[in-house]
Amino acid sequence: MAMVLENSSAELLRALAHLSNKRGNFKDGAALKCAVELGIPDVIQKHGKPAMTLSELTAALPIKQSKAHCINRIMRVLVNAGFFVEQRSGDGKRDDEEESYALTPACRLLLKDEPLNARAHVLFTLDPAEMVALGSLSEWLQDDYPTAFETANGKNYWDYIAERPARNKLFNEALAVDSRLIATVLISEFKFVFEGLTSLVDVGGGTGTIARAIAETFPNMKCIVLDLQQVVEDADLEGTENLEFVAGDMFEKIPNANAILLKMVLHDWSDEDCVRILKNCKRVIPEKEKGGKIILIELVLGGQNKDHVTVEAEICMDMEMLASFGGKERTEKEWAKLFQDAGLSGYKVFSNLDSRCVIEVYP
């Protein structure tokens with residue numbers, strides 16, 4: 001109590017507001033999930049006008065009209081979170097003027113027709129199983145389960161989604177969207193990383209978005225996508241003359257190649273598991289002098305000139321890895337230790353992809 005009394009009223013109110021905001025951040029996510037599931041961004045986009053009034057919006061949504069009066073409260077949260085802009089039908093001076101809503105650039109990433117839409121990512125990260133895992137951290141810290149996800153759901157993440165085809169599909173869709181963005185940047189900015197290679201294995205490559213882009217850019221390179229049996233079968237994937245899909249387990253065996261590509265794979269795993277994966281990669285590539293290398297696309301925590309939004313995104317991603325996978329985001333020092341423990345000779349970090357970096361690791 002003495003500590004509280006030492007602070008001014010203004011400081012206490014700011015502290016309380018800060019606590020309330022952080023405690024309530026998950027409510028932004030809940031409102032966002034609701035908007036995506038109801039298709040609110042698409043309804044407003046298809047309206048054909050710069051903004052859509054609240055009454056027009058509620059009439060167009062697939063909801064019980066007896067609950068239509070609640071939509072403005074959900075929209076209020078989303079406006080405050082920066083996903084919509086609220087406008088007034090008149091000059092904004094009268095209280096009875098009806099609200100109308102327009103999309104922000106962030107909201108356009110939630111449109112179904114947007115090639116790089118983030119709908120799947122929103123839905124799978126805000127899945128109840130994910131949220132209850134985050135809410136079980138204190139219990140997990142006191143039990144014997146490897147992850148909070150297992151504490152909350154009774155099984156690990158991979159077994160959980162393997163038993164739920166729709167959830168597994170959503171996960172792979174989210175990865176594919178992310179890969180489309182990364183593939184564009186890789187080919188335009190980091191083409192030199194792949195030049196001279198005759199073969200490459202994309203480990204955990206999912207539906208092959210990145211490998212397909214690489215194979216098209218380098219028609220003389222043989223590209224293989226390695227992923228679990230259910231991923232390869234469920235996606236009904238077709239290869240091309242220089243692109244092949246192989247079902248397998250990176251912990252067991254990886255096909256031989258000049259280079260191995262791992263995009264946002266290692267952050268899902270513990271240090272011990274990462275060392276196992278890297279050692280398996282090292283076994284199937286030639287020595288450095290003959291062009292052998294492992295290509296990582298991963299977050300590298302820390303560094304200079306990162307804005308608050310980027311740092312917050314990195315921290316939140318690390319918390320997700322902690323709760324659901326038992327993995328982690330890593331600093332450059334932590335990456336270097338992993339490479340050393342796996343018996344790799346060196347590495348080079350190239351210009352980053354926002355938070356993520358391209359890292360070449362050598363046998």
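Placed from the backbone N, Cα and C atoms, the Cβ positions cover glycine too.
Per Swiss-Prot, S-adenosyl-L-methionine is bound by G204, D227, D249, M250; the candidate from K263, K279 named for the same site is K263. In sequence order, L226, D227, M250, L262, K263, V265 are the residues near G204 (S-adenosyl-L-methionine binding site), counting only same-chain partners six or more apart with C-beta under 8 A.
D249 (S-adenosyl-L-methionine binding site) sits 17 Å from H267 (active site, proton acceptor), taking the CA atoms of both as reference points.
The recorded positions under consideration are K263, H267. Their Cβ neighbour counts within 10 Å are lowest for H267. DSSP assigns H267 (active site, proton acceptor) to a helix. Cβ neighbour count within 10 Å across all protein chains ranks D227 highest among the binding-site residues D227, D249. D249 (S-adenosyl-L-methionine binding site) falls outside any helix or strand according to DSSP and counts as coil.
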